[in-house]
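Marked as active site by TrEMBL: GLU145. Among the features that TrEMBL reports, Zn(2+) binding site is placed at HIS144, HIS148, GLU221. Per TrEMBL, the feature domain 'Peptidase M48' maps to 76-291. Residues or ranges marked as transmembrane segment in TrEMBL: 12-31, 37-60, 156-180, 192-212.
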Amino acid sequence: MEEQIAANKRDSFILIGIVSIVLVTLGYVFAQIYDPSLVFVFLIIAVILSTLGTIASYWYSDKIVLAVTKTREPTPLENAHLSNVVEGLAIAAGIPAPRFVIIADEVNLNAFATGRDPEHAVLAVTSALLKTMNREELEGVIAHEMSHINNYDIRLASMIAVLVGIIVIASQIFLRSLWFSGGNRDRRDGNVIFIVIGVVLAILAPIFTQLIQLAVSRQREYLADSSGAYLTRNPMGLASALEKIKANNVNTKVNGAVSHLYFTNPFLSKNANSLFATHPPIDERIKRLKEM
């Protein structure tokens, strides 16, 4: 566990470094294309945006994620249903019981955890999952998410959700500024190299950050399955929950930037086994659990 926590903290710094480099480079290229005399100003703006993005991704990622996923506070009945399971597993994991909220979705069976550390974690489950899963299955899902919390997966995953969004927005602004600004065409003609560099970077940066998102997500899902099964001492409960979700086979309407946070691939029926799937194949997860 200590190795996993250390790896997540290291990866968080690497991610921040990548995003900072991309934003500063885009700022430099933007200045070279439009007005080289303002390069220092553009670099300062890029550094400020990078700093603000880092602060937001660390301190406010949970609030941003919960706003994007449109969660609500649980009803008294939902609170009674969840609190016993959450508190019991938190004690077993040796972490504070996280606050839990409900994703208002009566069709899809899913859940996620977010936050910057176990002391500031939030657990979210869909209302459909809460109504559909039996006690052992619910414990399996919650234990899986508890493992993400305990290993600090939630910090890295939540930061990825925010920082990937920043990269995508910055790249779109750069590309659209080139497309719509016709007044400086003569000036831009003398900076073809910088335009090419900027366009390539703006196109590839979101793809590269998404690949980081996928690589981080897939391996950590297997680890959380294993840790969650160990926590409950009942891998079949988690396997049964995955089988119910597989049978449900309904896509969840979520923002792609937060899709990697979920217990299972929100776009289950569309790209569950594709190269760009955010989660490992659900059949493989079930198989590994049954072999434990």
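Glycine too: its Cβ is placed from the backbone N, Cα and C atoms.
Automatic prediction, not curation, is the source of TrEMBL annotations.
When Cβ-Cβ distances below 8 Å are used as the criterion, the transmembrane segment (156-180) is approached by residues 8, 11-12, 15-16, 19, 22-23, 26, 29-30, 33, 49, 53-54, 56-58, 61-62, 64-65, 114-116, 148, 188, 195, 198-199, 201-203, 205-206, 209-210, 212-213, 216-217, 220, 257-258, 260-261 of the same chain, each at least six residues removed from its ends. Away from its own ends, the transmembrane segment (192-212) comes close to residues 15, 18-19, 22, 25-26, 29-30, 32-33, 160, 163-164, 167-168, 170-172, 174-175, 178, 276 of its chain (Cβ-Cβ under 8 Å, at least six residues beyond either end).
Separating the Cα atoms of GLU221 (Zn(2+) binding site) and GLU145 (active site) is a whole-number distance of 10 Å. Here the recorded positions are GLU145, GLU221, and the one ringed by the most other CB atoms within 10 angstroms is GLU145. For HIS148 (Zn(2+) binding site), the Cβ neighbour count at a 10 Å cut-off comes to 28, with all displayed protein chains included.
Of all Cβ atoms in the shown protein chains, 28 besides its own fall within 10 Å of the Cβ of HIS144 (Zn(2+) binding site). Per-residue pLDDT, averaged across the domain 'Peptidase M48' (76-291), gives 84.
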